[in-house]
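Undergrad: A single structure is presented below for examination.
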Amino acid sequence: MTRHLLAAGDLSRDDATAILDDADRFAQALVGREIKKLPTLRGRTVVTMFYENSTRTRVSFEVAGKWMSADVINVSAAGSSVGKGESLRDTALTLRAAGADALIIRHPASGAAHLLAEWTCGNGDSSDAGPSVINAGDGTHEHPTQALLDALTIRQRLGGIEGRRVVIVGDVLHSRVARSNVMLLSTLGAEVVLVAPPTLLPVGVEGWPVTVSNDFDAELPAADAVLMLRVQAERMNGGFFPSVREYSSLYGLSDRRQAMLPGHAVVLHPGPMLRGMEIASSVADSSQSAVLQQVSNGVHVRMAVLFHVLVGAEEIAA
């Protein structure tokens, strides 16, 4: 893969599989260690740039970097010169000049990660190519590491992804998670079904490698995995569905709907969950739910991504 991870669609099948395999290898390398430290990125500086609120993604990237012995520095809008009006470009160039090896960005603007990679790409000198850029979520565009950890969780639970039927349910329109999962899971050979009200499907979805349905119940009996999406009210201005109650009755994963799933099926959610709206608490806490497994896998996947963009070697340092 390239020295950046900007979109799930940029990953080949071999690239994605290598990251998933290395995520499993990192997890195994940490088993039994009293102190969870590997020397893999010793001497490297990783900077997280989060311009949107985050718990899971930010913490897992920080933990991933620290478990690999990198120096991890946090930059936020509130605590940096961004709060004084500094542009994203100037902040990026400052971090590049300061010697950052990797920039991990979450930003409300779609395409922000691509711009960051362009701005910091270096001056043509191969010894100074600029930092690697990892997209931790840009607007409604992409969230590639979330898709990777979802794929890893499905692979662990089901034994593989090829030929599996993955049903993605909810606010597809505003979901970068949905976009990245569609691209990655399709690349890995899964059959992807989108279930959403017509108002929460993006323009052009008919060109995606998916099947689209408005009938959640009809898709449950054949599902191998169900990925529930949060309704992103912060990106809406109203009018997408009549009421929370009606949305939940049509597109929420209730106990009744869980009973329609095959026994082997796995339930996923990228978080944060709106319990009682898109998913019942009893379902979220059930044995079919892999929500906490997703969080654990998030650390290992992000370790693998940092390894691939910064080192790119075949062997993980022990």
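Each Cβ is built from the backbone N, Cα and C atoms, and glycine gets one as well.
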Undergrad: So Swiss-Prot lists R56, T57, H143, Q146, G271, P272 for carbamoyl phosphate; which of R25, R89, R106, R245 goes with them?
TA: R106
Undergrad: Ranking the binding-site residues G271, P272 by other Cβ atoms within 10 Å, which is at the bottom?
TA: P272
Undergrad: Including all protein chains shown, what's the count of other C-beta atoms within 10 A of the C-beta of Q146 (carbamoyl phosphate binding site)?
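TA: By my count, 26.
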Undergrad: Distance check, please: Cα of R176 (L-aspartate binding site) against Cα of H143 (carbamoyl phosphate binding site), rounded to an integer number of angstrom.
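TA: About 6 Å separates the two Cα atoms.
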Undergrad: Could you state, as a whole number of Å, the largest distance between Cα atoms of any two of R56, T57, R106, H143, Q146, G271, P272, the listed carbamoyl phosphate binders?
TA: 16
Undergrad: Which residues, sitting 6 or more apart from R230 (L-aspartate binding site) on the same chain, put a CB under 8 Å from its CB?
TA: G170, D171, S175, H269, P270, G271, P272, M273, L274, E278
